[in-house]
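A.B. asks: Dropping a structure here in structure tokens format, bear with me for questions.
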């Protein structure tokens with residue numbers, strides 16, 4: 001018996017060891033892939049998860065695949081995420097019904113007077129349809145939310161809309177209410193926001209009006225969202241390490257089925273991906289098919305060209321720009337000269353002056369003076385910096401300032417158009433002012449300065465596109481202009497998580513904070529889209545997008561080449577009040593997008609799987625991508641000929657008044673030599689919802705390779721001005 005027991009024990013130990021070894025091999029050789037299978041089958045006996053498990057068993061040869069299956073997408077579209085080897089991935093990609101198999105990549109976050117700036121005033125000063133606004137649900141896919149924030153209080157709210165099919169699954173000590181009606185977590189951390197990003201974006205889109213808010217006295221005023229009476233559903237897909245593709249797809253799968261009216265998502269890749277490998281493009285397509293508009297951020301990789309993310313035409317892509325309010329932080333030198341820098345500095349040093357030390361003068365033995373001037377890590381001698389204001393030629397000094405004992409920091413800002421928050425007194429100077437500061441330091445035996453608390457300034461020139469905002473052209477669908485629109489995304493005050501850091505290595509905790517990024521611009525447009533939808537609940541996503549784009553303000557963008565063109569701002573700056581009365585709209589449906597994808601050379605077989613419909617990509621059913629009925633017109637030229645001729649075909653739908661006559665007018669862009677003919681030049685609409693088609697032929701020669709040629713087409717009936725940008729370009733020269 002003893003020998004039997006010993007043998008059994010030994011066998012069990014060997015079995016555990018073997019299984020552990022196999023598990024280790026699987027973990028080492030596999031990675032998470034997403035298997036996208038298009039629309040859900042209409043067969044009554046089809047069970048998605050069973051199909052997914054069957055595929056895995058077939059490919060892996062394993063009867064138990066619980067350790068392989070990560071997620072199953074089964075509510076709004078079909079697919080799954082699983083741990084696969086490269087050979088297994090290849091096998092699955094060949095299976096009938098599979099559209100694409102792509103790695104689970106990690107995406108990144110695209111991180112109050114703004115609504116007043118756009119003309120949406122507080123209280124009774126703004127026209128609202130409160131009954132429908134209260135039935136509008138905005139899905140926020142982000143880092144979660146802080147449910148206790150006043151911005152999400154349900155005081156005065158009735159029960160959730162009857163159409164709501166979601167849940168409150170926020171985790172421990174997380175409670176939803178009649179304002180924050182839903183919460184889902186895909187990170188195993190719970191839906192509570194620990195970074196502040198998701199709380200910030202949610203309150204910008206749909207937060208309640210909260211008076212007397214500020215960041216330690218900076219930017220004092222009322223914080224509110226665009227549609228404060230609407231409901232919010234929070235979907236947490238991001239952690240400190242990023243946002244996984246498989247979680248993003250799962251959040252779309254749920255949000256669509258839960259019954260949201262609109263999705264705002266301030267997340268993306270640094271560069272665009274092909275549609276079938278892009279989780280946001282996939283999710284947004286199925287949202288569009290269900291009548292749900294997806295609004296997303298353009299990215300923060302500007303002003304370099306071709307950096308815009310979210311380039312699919314069924315995604316509303318938002319750039320970031322300034323408002324008329326800004327923050328400046330003055331630096332007063334020992335000689336009395338004042339330099340106006342940029343930061344959000346809440347530290348009050350009472351105007352006291354401290355010694356200045358330039359990084360290169362505090363170089364340690366590990367670095368040369370040039371590297372130390374940038375305040376690179378491990379380059380500074382602590383004894384020379386302690387108790388002084390550190391002066392750096394770049395932003396890296398913020399990471400080491402505290403460790404070397406600096407009392408404050410002044411740097412040459414790489415983004416002098418933006419005020420950033422820091423964990424110690426700071427000011428970022430323009431290159432010219434920084435040069436002046438260095439000259440002062442080098443001319444004095446005991447240079448000193450004071451870094452003052454931030455001041456708020458108004459009535460500055462605006463809107464201006466932020467330098468960080470990602471630029472086009474679109475590298476996936478080259479004839480679709482992206483970004484689509486711009487909105488406030490610089491120095492935005494909104495709700496924040498008390499568990500989050502207002503800046504890196506910051507020990508302070510706040511309920512409202514200031515951030516900049518296309519992440520902040522995106523929820524502004526989401527709020528506007530929801531606002532328009534409250535007046536036109538039957539409008540499709542494309543009609544809402546068109547109304548916003550064709551009524552946008554003209555804007556300015558600084559920089560050389562494409563950085564200052566429509567590739568920076570699309571149709572212009574969002575104008576919420578004008579969007580309520582566009583007159584005419586460019587309308588698209590699912591079939592139009594399928595025809596567009598046919599024109600992008602997707603096969604009939606693939607598109608049938610994606611759409612769930614019978615698709616034939618014949619000459620009759622496919623369209624050139626530039627002829628998609630989009631509110632903007634863009635074409636990339638071959639560049640082989642000095643002369644060119646391009647035609648765009650469009651159709652407008654009358655949503656204004658019956659018996660309307662619209663006349664066309666073309667306004668050429670600065671320096672443009674384009675010849676543009678509109679046929680017919682006049683459109684007559686007898687009834688509301690009537691459609692009329694027209695074509696725009698653009699001819700010219702010798703288009704500049706660095707700057708696109710552009711114009712604006714305006715259809716006007718004397719009351720409405722329906723404006724669409726027209727852009728033609730050859731290639732893009734990287735100006736970096």
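In case you wondered, yes, glycine gets a Cβ from its N, Cα and C as well.
From Swiss-Prot, for reference:
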type	residues	note
SIGNAL	1-24	signal peptide
DOMAIN	32-110	domain 'Inhibitor I9'
CARBOHYD	173	N-linked glycosylation site
CARBOHYD	220	N-linked glycosylation site
DOMAIN	353-437	domain 'PA'
CARBOHYD	381	N-linked glycosylation site
CARBOHYD	459	N-linked glycosylation site
CARBOHYD	601	N-linked glycosylation site
CARBOHYD	649	N-linked glycosylation site
CARBOHYD	659	N-linked glycosylation site
A.B. asks: Could you check the glycosylation sites 220, 381, 601 and say which one's CB has the most other CB atoms within 10 Å?
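C.D. replies: Of the glycosylation sites 220, 381, 601, the most buried by Cβ count within 10 Å is 381.
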A.B. asks: What average pLDDT is reported by the model for the domain 'Inhibitor I9' (32-110)?
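C.D. replies: Residues in the domain 'Inhibitor I9' (32-110) carry a mean pLDDT of 93 in this prediction.
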A.B. asks: To the nearest whole angstrom, state the Cα distance for the pair residue 381 (N-linked glycosylation site) and residue 220 (N-linked glycosylation site).
C.D. replies: 40
A.B. asks: For the glycosylation sites 459, 649, which one has its C-beta crowded by the most other C-beta atoms within 10 angstroms?
C.D. replies: 649
A.B. asks: CA-CA, which of the glycosylation sites 173, 220, 649, 659 lies nearest residue 601 (N-linked glycosylation site)?
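C.D. replies: In terms of Cα distance, residue 601 (N-linked glycosylation site) lies closest to 649.
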A.B. asks: What does the structure give for the C-alpha distance between residue 220 (N-linked glycosylation site) and residue 459 (N-linked glycosylation site)? Integer Å is fine.
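C.D. replies: Roughly 16 Å, rounded to the nearest whole number.
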A.B. asks: Which ones in the same chain are close to residue 659 (N-linked glycosylation site), with CB under 8 Å and 6+ residues apart in sequence?
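C.D. replies: 685, 686 - these are the non-local Cβ neighbours of residue 659 (N-linked glycosylation site), listed in sequence order.
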A.B. asks: Using DSSP, what is the helix/strand/coil residue split across the domain 'PA' (353-437)?
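C.D. replies: Counts, helix then strand then coil: 25 helix, 21 strand, 39 coil.
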A.B. asks: Under a three-state reduction of DSSP output, how is residue 220 (N-linked glycosylation site) classified: helix, strand, or coil?
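C.D. replies: The three-state answer is strand.
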A.B. asks: With Cβ-Cβ distance below 8 Å and at least 6 positions apart along the chain, what are the contacts of residue 173 (N-linked glycosylation site)? List them in sequence order.
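C.D. replies: Sequence-distant Cβ neighbours: 192.
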A.B. asks: Between the Cα atoms of residue 649 (N-linked glycosylation site) and residue 459 (N-linked glycosylation site), what distance do you get, rounded to the nearest Å?
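C.D. replies: Distance (Cα to Cα, whole Å): 41 Å.
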